[in-house]
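Undergrad: Below are the features listed in TrEMBL for this protein:
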- 4-117: domain 'Plastocyanin-like' (DOMAIN)
- 130-279: domain 'Plastocyanin-like' (DOMAIN)
- 378-511: domain 'Plastocyanin-like' (DOMAIN)
Amino acid sequence: MQVVSTNTTRLCSSKSVVSINGKVPGPTLYAREGDNVLVRVHNHVPNNITIHWHGVRQLRTGWSDGPAYVTQCPIQSGQSFLYNFTLTGQRGTLLWHAHISWLRATVYGAIVILPKKGVPYPFPKPDGEKVIVLGEWWRADVESVVKQATMTGLPPNISDSHTINGHPGPVAGIFTARAGYSLQVASGKTYLLRIVNAAVNDELFLKIAGHKLTVVETDAAYTKPFTTDTIFLGPGQTTNALLTADQTAGKYTIAVSPFMDTVVPVDNVTAVGFLRYKGIQPFSPPHLTATPPINATAVTAAFASGLRSLNSPNYPAAVPQTVDHSLLFAIGVGVNPCPTCVNGTKTVADINNVSFVLPTVALLQAHYFKLQGIFTDDFPANPPSPYNYTGNPPANLQTTNGTKVYRLGFNETVEVVLQGTSLIAPESHPIHLHGFNFFVVGKGLGNFDKGKDPSSFNLVDPVERNTMSVPTAGWTAIRFRADNPGVWFLHCHLEVHTTWGLKMAFVVENGKGPNESILPPPPDLPQC
């Protein structure tokens, strides 16, 4: 992969962006389950860079996970780094993206992990496959947007459009020579759509006029077939769905629109593409589709409720039935003093009142080499001062700053209840855990009730994911087994919230012997 500056035109406006190999999105990485993957990243731009292989388990290879100052120091200008990992026990669609500042606005692409040779899909073999990567586009330089927000203490400017495989399609009031993304199909054929949400800050709906979609996988984990007319994805989530070209031959609108069920501003521009049947006239009028309302909470809830792990003999759902660590993480935003900011304050975000501060040495290096003074292992298991999380917020909205981690023993089981809060504004938070898949065993609105809610947990076939949206003013419960030694990031995948501090890290200790221990660092590991 060559990290280069590329002149790009969207929305009748040109700018130079950081890209991989001069393309936005970048190239799709194809591999098979069990493959050893080697990707050398050469940095030819002034910015520091890292690449995160989002959803790849990275068993014992945390050095290749990618988040800057968590598992590695960034690749500096003029330098390179060889990412080296094995795709163990995974097959499906994931994504890769930059994991420093907001460079993933243009540095992203899909990962397609095919089953091992001779192993069929657990659903009827499709006639073809299509990769659809959703993104977000700013006319302005995105790094300048972030710097301005940091300087003023105010929220950053929202994006100007959404994209489908890099194309916004027709946008009201803007003439463009590009017609947008086009998906070619043949009548009667069935296609596997590999859909990726690589947007920076927006949860998205996807609809195709006149056609149903059957979900068969989320986040590279097979699901029971689930038919719907609307796909919902938070940033970092992926969905594989079967589409059968069973309508009258014609041109059908593909619409990608945002979800936001609170008062937070959002880019409300719909990206448009077209599904085209082979043999139709070039300028056939399209069949249109109505996008869900921007605040269609019921649509998101129905989609989430319809997802279940396949839980077959070949692909069992290994849900932890007992729990060694029971954690409650209250997530939200706050306000801290900032004498140099516009209002004398700045907007921050936190987990359990800790706004995470990235160190200047990667956490994994500090852990592996037992460096002192880089982090502390006292991240709170529960909110330090409990309150009515989804009711009236407390008067004090300040948070504490810290580089704190939570320590886990090898193979211990973990339950995390991710509790949304009403501080400033309740909001849906897509939370991503590095290094693991987790099972979404429960969710609800309001405050989690430890005495009542666990009785409704699904411990049989809950959906398995690496990224899950916590509903606005609600909660989501996840479980995972800490069978991967290293340092693993957990954060909101809305980049604005990650920037503000809504993040933390788990340190998982080595187990017994070399097969349960993290590998030594590679010789070309970047230095800070």
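Please read every residue number as a count from 1 along the shown chain.
Just so it is clear, glycine is given a Cβ too, placed from its N, Cα and C backbone atoms.
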Undergrad: Quick one: mean pLDDT on the domain 'Plastocyanin-like' (378-511)?
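TA: A mean pLDDT of 96 is what the model gives the domain 'Plastocyanin-like' (378-511).
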Undergrad: Can you tell me how the residues of the domain 'Plastocyanin-like' (4-117) break down into helix, strand and coil by DSSP?
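TA: Summed by class, the stretch gives 6 helix, 57 strand, 51 coil.
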Undergrad: Could you give me the DSSP helix, strand and coil counts for the domain 'Plastocyanin-like' (378-511)?
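TA: Residue counts for the domain 'Plastocyanin-like' (378-511) by secondary structure: 10 helix, 57 strand, 67 coil.
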Undergrad: DSSP says what for the domain 'Plastocyanin-like' (130-279): how many helix, strand, coil residues?
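TA: Tallying H, G and I as helix, E and B as strand, the rest coil: 11 helix, 73 strand, 66 coil.
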